[in-house]
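Quick look at what TrEMBL annotates:
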type: TRANSMEM; residues: 27-47; note: transmembrane segment
type: TRANSMEM; residues: 67-89; note: transmembrane segment
type: TRANSMEM; residues: 96-116; note: transmembrane segment
type: TRANSMEM; residues: 142-162; note: transmembrane segment
type: TRANSMEM; residues: 183-206; note: transmembrane segment
type: TRANSMEM; residues: 218-237; note: transmembrane segment
type: TRANSMEM; residues: 326-347; note: transmembrane segment
type: TRANSMEM; residues: 367-388; note: transmembrane segment
type: TRANSMEM; residues: 409-429; note: transmembrane segment
type: TRANSMEM; residues: 461-482; note: transmembrane segment
type: TRANSMEM; residues: 494-515; note: transmembrane segment
type: TRANSMEM; residues: 541-560; note: transmembrane segment
Amino acid sequence: EKFELVDGKVNWKGETAVKHKHGGLRAALFVLLAFAFENLANLHLAVNLTTYFNGILHFEVSDAANALTNFMGTGYILSIFFAVFADTYIGRFKSILISGSVEFLGLALLTAQAHYSSLRPPPCNVFDPTSRCEKLESSDTVFLYVALYLVAAGMAGIKASIPSHGADQFDEKDPREAKTMSSFFNGLLFALCIGGAVSLTLYVWLDDHKGWDVGFGVSAIAMFLALIVAVLGWPLYRIHVVQGSSVLLELIQVFVAAIRNRNLKLPENPLELYEIDKDKEAALEDDFLPHRDVYRFLDKAAIKTASEKPNPWKLCRVTQVENAKILLGMTPVFACTIIMTLCLAQLQTFSVQQGLTMDTTIVGSFHIPPASLPIIPVVFLIFIIPFYDQIAVPLLRKVTGHVTGISHLQRIGVGLILSSISMATASIMEVKRKSVARDHNMLDALPVLQPLPISVFWLSFQYFIFGIADMFTYVGLLEFFYSEAPQGLKTVSTCFLWTSMALGYYLSTILVQIVNRATKHITNSGGWLAGNNINKNHLNLFYLLLALLSLVNFCVYLFVSSRYKYRSKN
């Protein structure tokens, strides 16, 4: 019947989707399972590639860290382009399939390079000061980066499309489905944790003990399974109809038109601003947004002049202008989350290098690879996410009356202050680690071969705190961007999170270089983070710097979030 149809969504045959037949939690489970397999395929790369770059391809520690953060940054920044491409031309579901295939190809090429000795330098111990390790040849370097950035491009497309495609399975106007959609966003992090738990343990162990070709190979298999699962759910999906026009282009038109009309006087009555006839577009109710009395300078883009023919670069609809206002309003919140990813990058790079110098024994002869340390917050999140979603949120909902328990901005703020605490903790742990090395005369000890008499589990404190920060900030951001954005901006808005993470990774690369240059002549090691021997570096001071930057960033966020006005859902 008509009331059961879902506007703007179709089924796999191209017919209008029916609410109780398509979409819902049943369809979303296929999306979550595919996301779990995708994270199974690549999460170990985020924490262990520095070991591959450093130990197998003979990069210096700081170069290996920068190569990883550039790779991760690209994997996130490209998501914005995939989002626009998906919404404009091919749709979110097809974008998932194409991106997954690209990522699979990249992993297959990485497997080939790790397997064939002719594509990498001969084995050599980079931590031995007397050894002269060969670098990658130029042709092999090209092969490496082609493979690496195919994986990055595939990751970008998946991250751009999966959150929005999963959220498409729910109707925001239906209170029951709106609650389930909130659980879906928590489920995204839960799926990441389930896939990540295996990736950070089994796959890291395969990398370190069975060979990188095996590690990359099983990653390719996991990515193939992700594609299979995504396709199996096809008959159940509510598929978003392709827009046929670029949302970003329409946003750019608003800013251009506002600048061109800057000398025009705004009408006293907002109803005099330009908007298409609503009666002629009755079937597209979601395509209309009410005027809001904020960022009034953008309203000049909608001033009608009788002397000219309509020109999209000089005259825009009120709804277009309101879309631009929403994007502009979310930008300060977006900017305040960049520092958090800058901190995350250090846990994926320098903290792993710390672990290589420490005692990794668990029991008897069983050792935990340092790259597997993020399993600590991941395991914790596997238990805390269901508790938070099924117990804490309903209790908070009764107190606050908010459908998600606490507001999205409150959730983001909790994570930001925890990231500062995590970096302060990391600085303290590094001071302790270096004091052990100094007290036992082991400042020149070789990583892995000569471990310091201090357990690697001392690093678990910083990972644990940051894991909780992840749950609050990153999930809060996804939910905030998706719920605040109008229909035409859903995919692009969720990419705000990935773009924030990309800029954080790139900023990490820049900050490491700036810190090394600034401290080059005031340290014996040639910089806080220079060289391969972190026992003689000043990583503790770098962590302290990040803790202070995060604290300042949190104070700025308090100001920004207090001024933000949630858009009306009516």
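Each residue, glycine too, has its Cβ placed from N, Cα and C.
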Quick tally over 183-206, 218-237, 494-515, 541-560 of CB pairs under 8 Å to the transmembrane segment (409-429) gives the top stretch as 541-560
Might you confirm whether the transmembrane segment (27-47) is in contact with the transmembrane segment (96-116), defined here as three or more C-beta pairs under 8 A between residues 6 or more apart in sequence?
yes
Do at least three CB pairs under 8 A connect the transmembrane segment (27-47) and the transmembrane segment (461-482), leaving out pairs fewer than 6 apart in sequence?
no
Contacting positions for the transmembrane segment (541-560) when only residues 6+ beyond its ends and CB under 8 Å are counted:
332-333, 336, 339-340, 342-343, 346, 350, 412-413, 416-417, 419-421, 423-424, 426-427, 430, 515, 528-529
The answer for the transmembrane segment (367-388), taking Cβ pairs under 8 Å and residues 6+ beyond its ends, is 44, 47-48, 51, 186, 189-190, 193-194, 196-197, 200-201, 204-205, 207-208, 347-348, 351-356, 358, 360-361, 456, 459-460, 463-464, 466-468, 470-471
Counting only pairs 6 or more apart in sequence, are there at least 3 Cβ pairs under 8 Å between the transmembrane segment (27-47) and the transmembrane segment (218-237)?
yes
